[in-house]
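**Student:** Mind looking over this structure? Questions follow.
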Amino acid sequence: DDVALYFSGQEWEILEKWQKQMYKQEMKTNYQTLDSLGYAFSKPDLITWMEQGRMLFISEQGCLDKTRRTTSPPTDEQLDMKDTGKLPCFDHEGTLRTKEEDCRLNGPQKQDLGAALPGKERKILSARRDTFQSPSLQETEIPNKKVSITASDPDKKDLRHKPRETPGRLEIPTGPRCYSCYVCRKVFQVRRDLLKHKRSHSKSQLRRYPKYRNTSRGKSELRRTQRLLCQKKRFQCSECEKSYFLKGSLVTHQVVHTGQRPYPCPECDKTFRYRANLKKHLCLHRGERPFCCGECGRAFVQQCELTEHLRLHSGEKPFQCPQCDRCFRLKRGMKVHLSQHSGKRPFHCPECGRSFSRKAALKTHQRTHSEEKPFSCDECGRKFIYKIKLDEHIRVHTGEKPFSCPECNKSFRLKRSLKAHGLQHSGKRPFQCPECSRGFFWRNAMRAHQRLHSEQKPFPCAECGKRFTRPSKLACHTRVHDRQKEFPCGECKKTFSQQSRLTQHLKVHNTEKPFSCAECGRSFRRRAHLTEHTRLHSGEEPFQCPECDKSFSWKASMKFHQRMHRDEKPFACSECGKTYTHQSQLTEHLRLHSGEKPYQCPECQKTFRLKGNLKSHLLQHSGQKPFSCVMCGKSFTQQYRLTEHIRVHSGEKPFQCPECDKSYCIRGSLKVHLYTHSGERPFQCPECGKGFLQKRSLKAHLCLHSGERPFSCDECGRSFTYVGALKTHIAVHAKEKPSSL
């Protein structure tokens, strides 16, 4: 193809300094090359201009043509160079020629030149001799350069040719057509991408360039900008008083207030405010997700969604807060964050008056008042207000724990649990009470603690008027009043607060239990559960703690125990500040403050705070004592009672007093002993003020005031206040029986 490269005055101004230097060097190199080959021609004007330091651009009236292809260095007989009006142009090898060198070849020289070329090249040359002399040229564009092609060759009229690159010479792009940004020189293969990229430049940047000002778009935009700068935002929304320059922008905005959704989905009847949103939604029904992540394979409907997702892998956070320099991955995340600095919360809940910075957050909050729970679990049927809560709940069924601690490789189901765990490694408690400077891992725990200082209890019970600091405590308390409203199990009389939990519980009774224990006859649905149960009878403890060599029957018990070595107690009581290693321990502890006793004995209606206490109590009614000592045959209702009893035979006393080095086999005995050193008597009689070390001593003392004698002899019917007195009395009857015989 025939290409002639030249620079106009405007283009010469756009060129960078290094590009101008390269152009000058290229021109000098080409001139020296021709001169060394012995060509007879006068010095071109371009070289003269460079020596004189003049501007090196060509007026747009100048006509530059492309030369023939160079085969071998021509001789003086083949070319007779004229010294008329030399203008620079390039062949496909990048060699400098002049218009007369290539266009004004005399008759015999033309024949010699044609003879020196191959047949194909000779045909091309003969077909285009008239073209080189023709002044009628048509211009088209490639990025930042102008290319002249011959109008007399109709087959090549729309062809955009880019010569191949030559080392050390001016580079002209090759391959498919490219589109260049004239502000930053970035190149794009698709015109649409270039238009999108231009939006990243401010209008002030674009208006600096003559090429932009000369385009119709630039002129219209300049006129529009000047018009907008000279006028105010005349179109104001009557609802929120927001103003706009254009009426069309106001009409688009008002759809938000009217609630109008004129674009319905034909598949699911969902409606949309804008047609573009409907088109995106239809891609979901068609299953079209054309934008795929190369890292994890996840597919998206829109390119912008993929772009946002890729920042997860790259860690890029391009949006920075101007107030605190905090960075965000998404622009909307930064907008939400900015509302914290401004303090603006324009969206108010009509039910409770709570304010929100986003309308979407208000809508989600209103579900708490309407009790709408649109997200349900397919496994257990439990429903949730928020989708993120459903996603977290599903991990309970799948067992997935995607958040791993880099320090100890421990995994967590929730990200916030990992954050709280990480604070234990660092020892930081980021939330401090301003009153007493006490630290907390959680903001909610600190807020609940602050209510203790202010004595604020904003949550009253509707039945009895008792007030609580937290809604969770109120919920626990209301169970006492609502026991008749609970859902009881017809098989075992167990009650549940929700129908879904009762349904889940009924599966225990309805399913078969083919695996039975040979010792006690208890049945299980799974063999693994039976295996774990038999360890109670055999005393097998296969799981050993690597820290203290203590053994356990279950792996979960060992993990639970290991937290004690790590001093890991992430669950804190907001009332008294006591910490626990497990959530269930905290739940049981909170019942001390609320006074709740949710477990009731069906035989005597006695209530208990802990489920384990109820189970032990039921064994008294049934008379069962499943845990027997192999040494003396004594039986116990609970495992820990047997463990304490075995220490009597072994002589083990693991609990030692730090004051007097006295040792005990039971932890409770050590606690009572420590009161003797401190002088504390925690259990006081409300009648006479007398103090006692143990609770059972106080109960026995209260019988003196009430006159009650709960312990009676079966032989003679005599009653006693203390169980010890009854045992002494029974021994008297035992001694009398042999003598009477």
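Each residue, glycine too, has its Cβ placed from N, Cα and C.
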**Student:** In Swiss-Prot, which of the ranges 88-110, 203-225, 571-593 has the zinc finger annotation?
**Tutor:** 571-593
**Student:** Which stretch does Swiss-Prot mark as zinc finger, out of 40-62, 431-453?
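**Tutor:** Spelled out, Swiss-Prot records zinc finger over residues 431-453, not the other listed ranges.
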**Student:** What average pLDDT does the predicted model assign to the zinc finger (403-425)?
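**Tutor:** Average per-residue pLDDT within the zinc finger (403-425): 83.
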**Student:** Which residues of the chain, 6 or more past the ends of the zinc finger (403-425), have a CB below 8 A from one of its CBs?
**Tutor:** 392, 395-396, 441-442, 566, 568, 570
**Student:** Six or more residues out from either end of the zinc finger (627-649), which same-chain residues have a Cβ under 8 Å from its Cβ atoms?
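**Tutor:** Residues 536, 612, 616, 619-620, 665-666.
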**Student:** Are there residues at least 6 beyond the ends of the zinc finger (347-369) whose Cβ is under 8 Å from a Cβ of it, and what are they?
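**Tutor:** Non-local partners: 336, 339-340, 385-386.
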